[in-house]
Amino acid sequence: MKAEVGWPGINASCACSIVRASCLAATTKPSSEIMPINAFMSVLLGEQQIILDSSSEVVHIVYMGERPEGSFSVSSVHHSMLEEILGSSSSAKDSIVYSYGRSFNGFAAKLSDDEVARLSEMEGVVSVFPNTKLKLHTTRSWDFLGFTQPNYGAYPEGDVIVGLLDTGVWPESKSFDDEGFGPPPSKWKGACKAKNFTCNNKLIGARFYNSDNEYDVSDIKSPRDTEGHGSHTASTVAGREVEGVSFFGLANGTARGGVPNARIAVYKVCWAYGCALADILAGFDDAIADGVDIISVSLGADSPLEYFEDPIAIGAFHAMKKGILTSNSAGNSGPFPRSVSNYSPWTLTVAASTIDRKFETRVALGNGQSFSGPTINSFVLNGTSYPLIWGGDAPNVSAGFDSEISTFCFGHTLNSLKTEGKIIYCEGLTDGAGVILAKGLGTIMSDIVDDLAFAFPLPAAYISIEDGQKVLDYIKTSDNPIATILVSETPKDAMAPRVVSFSSRGPNPVTYDILKPDITAPGVDILAAWSPLSSPSGSPLDTRVTNYNIISGTSMSCPHASGAAAYVKAAHPNWSPAAIKSALMTTATLMDPNKNLDKEFAYGSGQINPVKAVNPGLVFDAKEADYVDFLCKQGYSTSTLRLVTGDFSVCKGTAPGKAWSLNYPSFSLSVPDGEQIMGTFTRTVTNVGSANSTYYASAYMPSPVGVKVVPPVLRFKAVGEKKSFTIMVYGPKIVQQPVISGLIMWNDGSHLVRTPIVVFTVLPSIRASSLTNPFPSRKRHFEGSSIHHKNRILGRN
């Protein structure tokens with residue numbers, strides 16, 4: 001997705017470069033547009049604000065909870081509410097944007113601040129919040145998970161429908177071909193609402209939403225994907241097998257999704273400018289009513305929101321009520337603590353980790369030295385060496401730049417008379433646009449080396465700062481420096497899986513007692529379907545066209561988990577969302593904490609294992625009533641929860657407190673600095689394995705923490721039988737303690753049911769939501785979770 005405020009080259013990995021060059025404000029975007037110094041600094045510090053008069057009208061979402069029973073029109077109720085506030089029927093008609101009523105109750109309307117205040121006080125209103133924007137958070141990956149061809153297709157995947165809220169889809173992609181598919185299952189109530197867009201028995205539904213009626217020149221007013229993101233996520237979940245797929249010859253193989261025989265329905269809620277909250281809720285409203293089984297959402301907020309001011313949490317809650325699991329991305333704001341998004345307990349939150357294939361590009365210098373780094377380079381120079389120049393030796397003086405600026409190779413900072421036809425060495429990571437504008441042939445960039453690779457619109461290599469210094473030394477000591485850039489290789493990554501640095505970390509920023517993320521899945525250098533209308537590198541100067549692309553992000557890991565959830569749903573169509581989630585978490589492959597210092601705050605329960613998830617032995621189930629009790633303990637009132645649930649839910653005198661009794665398949669204990677380790681958790685497991693089985697508990701927790709499980713043995717006589725147990729976590733007083741992690745395992749000889757335990761310190765008397773990402777954006781918006789180098793901006797998901 002295009003960033004709302006974009007800046008090629010200013011990113012997390014070159015933050016040190018920003019400190020070294022305060023005059024970067026004078027640099028340019030790939031176009032001729034110049035960002036003023038004050039605007040640049042405001043963006044950098046997260047202080048850019050738009051001041052609106054209180055009488056101006058902007059779209060707000062009015063959330064009213066569960067859809068009331070009965071055959072009356074909820075839209076007429078919404079119209080009446082607006083008419084009362086605005087004073088006339090015509091004003092109400094002009095104001096309303098969406099009326100949500102298929103799956104839950106609410107509407108979106110253009111309102112002034114005064115009208116918002118009056119609506120907030122009306123009976124039946126749960127929350128009112130502005131329609132801000134969220135942005136968007138393979139061949140080898142499924143095999144890496146052990147989910148090979150003999151495993152998928154073993155269950156009736158064709159009965160499973162996966163709904164994706166994203167940028168739409170490219171329907172002509174071979175990944176969405178319906179050859180051999182019969183008609184959609186009878187439960188399907190959706191539609192294909194589009195012009196010049198054809199659905200089929202694989203891609204069975206398509207809708208689009210644009211509440212602001214704002215379109216970029218690149219946007220198409222249909223579910224057709226012009227960004228690439230939605231096609232990528234949809235094909236990762238459920239794309240057909242397509243042989244001979246590659247990215248311009250790289251990573252050649254057979255592309256497929258996790259459940260290639262499942263159906264797909266797309267809900268286009270994201271455009272070039274982002275993803276509007278009102279559109280996200282509209283997508284949920286339709287997806288739930290259309291009859292999808294799994295909802296995959298690779299979007300998220302960049303700062304914590306209350307549960308019923310977050311459209312994804314709201315939509316996912318109502319999906320859960322209808323038996324639909326929502327799988328969503330954890331965000332791309334790592335490795336900062338408390339940066340995880342989509343943290344509601346009724347959703348599956350997915351971190352991103354590596355697979356055992358990586359992309360490396362080698363640079364060969366004229367003196368025989370060579371260096372390599374993580375880059376996706378498909379451009380062929382045939383080993384031919386070209387003149388090599390340092391960007392600092394070619395400043396565009398006439399445009400007002402000196403070598404301290406031109407060394408970064410931003411747009412229009414280079415003198416093309418010196419750089420034309422040459423490979424340019426640049427200090428810092430950019431999208432390569434500045435080199436193209438300076439007529440350069442290729443670029444070598446140095447910075448802090450990331451654990452993922454980027455594609456660029458020209459021959460490029462990305463190397464470490466140390467290796468970059470050697471390149472610069474060669475340039476300065478040679479009379480005729482030359483170099484070449486080789487096509488990328490794909491060596492095996494022996495360190496995989498490990499959580500990638502950008503993946504957002506826990507603990508949960510709103511509720512410490514719920515461990516987030518829940519799980520991790522492949523999200524680095526994933527090859528999947530793409531829109532031929534979107535640049536493969538994210539640069540507007542990249543004119544290449546591809547039907548499959550390699551990108552990274554928790555946007556890519558989320559559909560892997562969604563595909564695994566759909567596989568479990570196909571095997572167990574009557575399981576609840578919580579049961580499916582539990583199966584994925586308790587059977588996850590253990591991650592190595594030595595490779596992931598944030599431990600469970602990075603990877604949750606571990607890496608998904610779809611094959612084992614269909615036979616977990618025991619599940620931690622939860623229903624709507626369990627989540628209502630959780631919300632009571634979070635401080636929500638009975639009156640609010642009655643609106644949300646649509647029934648007579650009562651908090652039964654429950655005072656706000658710990659969520660240790662929620663039947664969650666993990667355990668999270670926050671300890672205020674200086675206090676003793678002490679927590680008691682209650683859980684209930686349901687037998688979904690053998691009828692007559694006995695499970696024995698074992699616990700591991702490093703010193704000084706102790707764990708006791710009561711009872712230590714659970715005996716079952718029937719499938720579906722439930723048994724409860726308590727765990728007590730105890731220890732001495734601790735201060736400023738990094739996360740201590742352990743686990744509890746239940747073993748019957750055939751099944752190993754594993755749940756993680758984390759203990760960590762927090763500041764006394766401070767709510768989780770007050771401790772967030774140390775570099776937050778001041779503007780609340782939702783982000784898609786894919787990583788292009790053009791999106792490498794501090795605070796971006």
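Cβ coordinates come from backbone N, Cα and C, glycine included.
The domain 'Inhibitor I9' feature in TrEMBL is assigned to 59-137.
Feature annotation from TrEMBL assigns domain 'Peptidase S8/S53' to 159-604.
Feature annotation from TrEMBL assigns active site, charge relay system to Asp166 (among others).
Annotated active site, charge relay system per TrEMBL: His229 (among others), in sequence order.
TrEMBL lists Ser555 (among others) with the feature active site, charge relay system.
The domain 'Subtilisin-like protease fibronectin type-III' annotation in TrEMBL covers 662-759. This prediction places the mean pLDDT of the domain 'Subtilisin-like protease fibronectin type-III' (662-759) at 96.
Residues in the domain 'Subtilisin-like protease fibronectin type-III' (662-759) partition by DSSP class (helix H, G, I; strand E, B; coil) as 0 helix, 63 strand, 35 coil. Summarising the environment of Ser555 (active site, charge relay system), the number of other Cβ atoms within 10 Å of its Cβ, over all protein chains shown, is 36.
Across the fold, the C-alpha of Asp166 (active site, charge relay system) and the C-alpha of His229 (active site, charge relay system) stand 7 Å from each other.
Between the alpha carbons (Cα) of His229 (active site, charge relay system) and Ser555 (active site, charge relay system) lies a span of roughly 8 Å. A simple way to gauge crowding: the CB of His229 (active site, charge relay system) has 32 other CB atoms within 10 angstroms, across all the protein chains here. Other C-beta atoms found within 10 angstroms of the C-beta of Asp166 (active site, charge relay system) number 31, with every protein chain shown included.
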